[in-house]
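A short write-up of the structure that comes next.
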């Protein structure tokens with residue numbers, strides 16, 4: 001059984017990680033251990049590079065805390081070009097896989113609040129009245145009328161980031 005360290009305790013992210021790993025490696029093939037680690041970037045990262053750096057830092061910090069694992073996974077959400085997206089970073093002892101998720105354009109009223117210094121999650125909670133929306137469907141769920149959720153978008157990115165781990169051509 002693969003020991004997978006999730007460098008987050010966010011249920012939406014953990015669900016995406018578990019579902020993707022089980023789809024790639026088989027149901028019941030992994031045990032996910034969520035841990036809280038620092039990203040080393042602001043709570044609301046801006047730009048692709050800052051966001052990817054946050055995910056890479058989370059993986060590095062998770063590896064320090066749990067060096068015995070088989071995989072370390074981080075999902076860092078950010079804002080870039082008036083949209084929200086995330087970077088997924090997955091490492092094993094030998095490999096790294098990275099993928100950027102789909103992007104969701106954000107309304108100007110939401111962006112104004114985020115640019116004023118609030119993170120997207122709290123802004124969306126105020127906008128919708130849903131507590132801790134970032135741990136649930138997120139802005140993605142709200143603005144796609146529930147057709148997609150944070151977890152479903154992250155799931156695709158985790159699947160893509162796992163590609164080097166089960167395709168020999170990457171090695």
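Every residue, even glycine, has its Cβ placed from backbone N, Cα and C.
Database features (Swiss-Prot):
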- 8, 9, 10, 11, 12, 13, 68, 69: substrate binding site (BINDING)
- 38, 68: Mg(2+) binding site (BINDING)
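Where Swiss-Prot records a feature, it is marked here on the structure.
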residue	record	DSSP (3 states)
8	substrate binding site	coil
13	substrate binding site	helix
38	Mg(2+) binding site	coil
68	substrate binding site	coil
Min neighbour Cβ count (10 Å) across binding-site residues 12, 69 flags 69
For a quick check of packing: other C-beta atoms within 10 Å of the C-beta of residue 13 (substrate binding site), how many?
27
